[in-house]
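J.: The annotation topological domain 'Cytoplasmic' is assigned in Swiss-Prot to 1-105, 175-181, 228-255, 319-352, 411-451, 509-554 on the grounds of sequence analysis. If you look up Swiss-Prot, you'll see 1-19, 27-45 marked as compositional bias 'Low complexity'. Here Swiss-Prot flags 1-90 as region 'Disordered'. As annotated by Swiss-Prot, compositional bias 'Pro residues' applies to 68-90. The transmembrane segment annotation in Swiss-Prot covers 106-126, 154-174, 182-202, 207-227, 256-276, 298-318, 353-373, 390-410, 452-472, 488-508, and the record cites sequence analysis as its basis. The topological domain 'Extracellular' annotation in Swiss-Prot covers 127-153, 203-206, 277-297, 374-389, 473-487. The N-linked glycosylation site feature in Swiss-Prot is assigned to Asn132, Asn137; the stated evidence is sequence analysis.
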Amino acid sequence: MSGPQYGAQPGGYYNNNNNYPPPPPNSYQMNPMPTDGNYGQQPQYGYGGGPPPQQYGNGYGDGGYAPPQGPPPNGSKPPPTDGYGGPPPSYDEVFKVQKPKYNDWWAGLLFLATVAGFVAVSAISIHGYADNRSQNNGSLNGQRNTFGLTTHTIYLFVWVLICAIVLSYAYMWMARKFTKQFIYATGILNIVMGLVTALYMLSRKYWSGGIVFLIFVVLQALFFWSCRSRIPFSTLMLQTAIDVSKVHGHVYLVSAVGGVIGTLFAAYWAITLVAVYVKFEPDPNNAACRNAGGCSSGKVIGLIVFITFAGYWISEWLKNTIHTTVAGIYGSWYFNSRNYPTKVTRGALKRSLTYSFGSISLGSLFIAIINLIRQLAQAAQQNAAQEGDILGTILWCIFGCLIGILDWLVEFINRYAFCHIALYGKAYFAAAKDTWKMVKDRGIDALINECLIGPVLTFGATFVAYACGLIAYLYMVYTKPAYNDGGGFTPVVVAFAFLIGLQVCNVFTTPLTSGIDTIFVAMAWDPEVLMRDHPDLYHRMVQVYPHVQEAIHA
């Protein structure tokens with residue numbers, strides 16, 4: 001009796017009673033693979049019900065092979081494997097959506113409304129800042145303004161942006177040139193930089209900032225030490241992602257364009273932040289308060305919260321759009337490496353900005369809300385520390401850790417859901433559910449947990465954020481602006497400098513994480529493609545992590 005075919009898995013996993021798409025159909029006849037003496041066991045079979053093919057010969061699509069078993073349910077058509085015997089197909093043909101529609105459109109409209117609101121607040125605030133520019137200039141440290149942020153702060157954020165761009169670019173360059181040493185260097189440099197920043201702040205008796213940075217350093221050091229055994233497998237996955245990106249140069253083009261857009265937005269956001277303080281900060285010396293609308297602390301707090309939320313959402317949307325676009329490139333490489341499609345980058349970007357725009361906006365919204373809550377918790381923790389409230393500081397620290405765990409969980413789901421969205425064009429919740437179910441059932445979650453690239457790149461982004469925060473702190477200490485005579489604005493400026501550095505670096509490094517995430521998701525869809533079309537990668541994975549055979553054949 002022949003084994004089960006795609007679309008008729010045991011237990012009805014891929015039948016029409018659920019929403020899970022089958023792995024991409026293989027357009028070749030399944031032949032048994034002999035026992036590999038290197039691994040000492042018979043090959044395990046995947047979701048297809050049969051073993052991977054014995055040979056890697058071409059001639060696909062000549063009519064002598066078993067046809068695919070039909071499209072998956074719910075209008076999602078899996079990508080066909082290498083189609084030989086004709087011109088390369090386009091991205092839209094390979095990853096065709098049967099019934100395309102604008103998924104999660106309401107989230108897309110809400111995102112556009114938030115962008116419009118941010119632009120409106122920015123325009124009003126910058127106009128008020130421009131009308132009173134003479135009061136906010138005076139000199140580098142803005143001596144004419146003693147009540148709020150000034151042009152001095154814009155100069156500061158310019159240096160922060162320069163630092164973020166240079167370090168992010170250098171970090172990406174180091175990943176390409178020194179891949180094997182990259183993970184060790186990232187962990188060590190991040191810990192050292194965080195420790196230096198914490199000790200310097202403590203030496204200046206800036207207790208709240210120093211304690212927070214010191215806690216981060218201790219947690220990162222413990223994590224890095226406990227994960228030493230996972231570095232070889234992580235290095236292999238990073239090398240694979242970089243090797244593919246070198247062949248398909250659009251990966252770095254997307255990264256460069258995204259980095260430029262992210263930097264420009266960060267500059268625009270920083271100017272808006274300063275302008276809000278100038279326009280609405282209540283003070284008898286603030287000329288802007290004499291105009292219509294007036295000033296109040298409530299307006300300042302409300303607008304700062306709104307532009308912070310909008311900044312998180314817009315930057316997350318940009319990062320996830322890059323992620324979804326790059327996922328299309330790596331998905332095309334995995335499933336069609338021998339007949340790479342045309343217009344891949346264009347097709348993936350088009351889908352991200354049209355049918356999947358709402359889904360990307362929705363996933364980004366969750367992260368933006370969580371990040372905003374964490375930012376508010378950090379501000380409350382710093383305020384409690386400044387007031388000497390030890391219990392409050394500890395409680396806010398615990399709350400921040402819980403929010404951090406929630407952030408990690410949602411980010412984890414988003415990364416793989418967006419890979420599914422890039423290739424299948426499904427709605428956010430359906431993609432998240434289907435992808436996680438498939439990854440879990442395949443055992444790929446074990447490989448994901450074994451790979452450190454996500455945490456390592458987060459370490460790198462944190463290193464850049466540390467540097468930006470340190471520059472902001474030094475700038476505030478040595479230029480001594482009049483508005484910061486009592487040091488009250490130092491935590492605010494340092495926190496936002498940290499945020500800018502973190503988000504800019506995350507945009508630059510997104511293509512690397514996208515590539516690795518897509519490879520994992522593609523392996524869950526069809527591990528036989530890995531063994532047939534990428535045997536060298538499969539054998540190297542087995543060498544550094546022997547349990548990979550059990551994981552991908554679960």
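Here the Cβ of each residue, glycine as well, is placed from N, Cα and C on the backbone.
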J.: Counting only pairs 6 or more apart in sequence, are there at least 3 Cβ pairs under 8 Å between the transmembrane segment (298-318) and the transmembrane segment (182-202)?
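T.: No, these stretches are not in contact.
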J.: Are there three or more C-beta pairs under 8 angstroms joining the transmembrane segment (452-472) and the transmembrane segment (256-276), sequence spacing 6 or more?
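T.: Not in contact, no.
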J.: Where DSSP helix means H, G or I and strand means E or B, what are the helix, strand and coil counts for the topological domain 'Extracellular' (374-389)?
T.: 13 helix, 0 strand, 3 coil
J.: With an 8 Å cut-off on Cβ pairs and a sequence gap of 6 or more, do the transmembrane segment (488-508) and the transmembrane segment (154-174) reach 3 or more such pairs?
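T.: Answer yes, regions in contact.
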J.: Have the transmembrane segment (154-174) and the transmembrane segment (207-227) got at least three CB pairs under 8 Å, pairs 6 or more apart in sequence?
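T.: Contact absent: fewer than 3 Cβ pairs fall under 8 Å.
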J.: Per DSSP, what is the residue tally for the topological domain 'Extracellular' (203-206) in helix, strand and coil?
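T.: Secondary-structure composition of the topological domain 'Extracellular' (203-206): 1 helix, 0 strand, 3 coil.
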J.: How about long-range neighbours of the transmembrane segment (452-472): same chain, 6 or more residues beyond its ends, C-beta under 8 Å?
T.: 156, 159-160, 163-164, 167-168, 171, 182-183, 186-187, 189-190, 193-194, 196-197, 200, 209, 213, 216, 220, 223-224, 227, 230-231, 234, 237-238, 241, 415, 493-502, 504-506, 509, 512-513, 516
J.: Within the same chain, where does the transmembrane segment (353-373) have neighbours whose Cβ lies under 8 angstroms from its own Cβ atoms, ignoring anything closer than 6 residues to its ends? I mean 6 or more beyond.
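T.: Same-chain contacts beyond the ends: 97, 100-111, 305, 308-309, 312-313, 316-317, 319-321, 324, 403, 406-407, 410-411, 414, 417-418, 421-422, 425-428, 431-432.
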J.: Residue list, the topological domain 'Extracellular' (374-389) vs rest of chain: Cβ under 8 Å, 6 or more residues beyond ends.
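T.: Counting only partners 6 or more residues beyond its ends, the topological domain 'Extracellular' (374-389) has Cβ contacts under 8 Å with 207-209, 211-212, 305, 308, 312, 396-397, 399-400, 403-404, 407, 491-492, 495, 499.
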J.: Taking all residues of the topological domain 'Extracellular' (473-487) together, what is their mean pLDDT?
T.: 79
